[in-house]
């Protein structure tokens, strides 16, 4: 029986681990990030992958820094035939990558060489792509740069969010891995080198990227809102207060107005001018210190005026 070590951390990784178990591989160990404090009460919380591994009685390693010798030697001591990673969250050292008989392969949520990095799902939507996918490739020390083994495309729908696409890609990754591993073991795959001229990056989202830039086109603002839903959530400011924007709709704007200006107030939301003739009607938001709500609820208690400028005094 093929001995596998799985390395992963978030919810995205769980279906991949589950599929390895269902397919009958001997998952001899799981490597995941350390437990972290979560929420206002800072409750020490295990990763989703750790929770899944413990359900199946699989030993769990939680290195703070996998590149340290005493940490990676614990992985090597398991003597896996194959290592599978999916959103592990740390750079894996060569000592691990070169050890298994069948190598170390990664399940990545983009069609490499596009969108290397830690936030490929967010960027696929923020960039307005109509499709993305899963790549399974050999791991190297350079970020997501290994030779490609298999790929599958996944359509991005018009109203897709990072949350819904995350779920689709997670399942697609598990399914593709299920088909890839037997072919890899049988020596039936021809690795393909990535074209370095086509490389783009999707680095982790920074706080300053979350703010809506109303000078962009309506389509770009709409994609920005979808791409940051349900985390970390796009935001703007209204009357100097931070407001998270959970959802908006593209609408035509007939009269010219400065980008970021409220040009219409309707029952289910208010329309904001952008950098072109497509405005964005905010329909779901979250004022600072309050719960997420529909814009119609918000408008019952707050009455912004037409001409009010959003995005100032952030």
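Just so you know, glycine gets a Cβ as well, placed from its N, Cα and C.
The shown structure was predicted, so the numbers you read here are calculated from the model rather than taken from an experiment.
Annotation comment: Swiss-Prot describes 110, 111, 112, 113 as (6S)-5,6,7,8-tetrahydrofolate binding site.
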Using all protein chains in view, find how many other C-beta atoms are within 10 Å of the C-beta of residue 111 ((6S)-5,6,7,8-tetrahydrofolate binding site).
21
Using Cβ atoms only, which residues of the same chain lie under 8 Å from residue 113 ((6S)-5,6,7,8-tetrahydrofolate binding site) while being at least 6 residues apart in sequence?
194, 195, 196, 198, 199, 200
I need the neighbours of the (6S)-5,6,7,8-tetrahydrofolate site defined by 110, 111, 112, 113. Which other residues of that chain put their C-beta within 8 angstroms of the C-beta centroid, in sequence order?
108, 114, 115, 116, 120, 133, 135, 144, 148, 151, 194
I'd like the Cβ neighbour count for residue 112 ((6S)-5,6,7,8-tetrahydrofolate binding site), meaning other Cβ atoms within 10 Å of its Cβ, all protein chains included.
27
With every protein chain in view, how many other Cβ atoms are within 10 Å of the Cβ of residue 110 ((6S)-5,6,7,8-tetrahydrofolate binding site)?
25
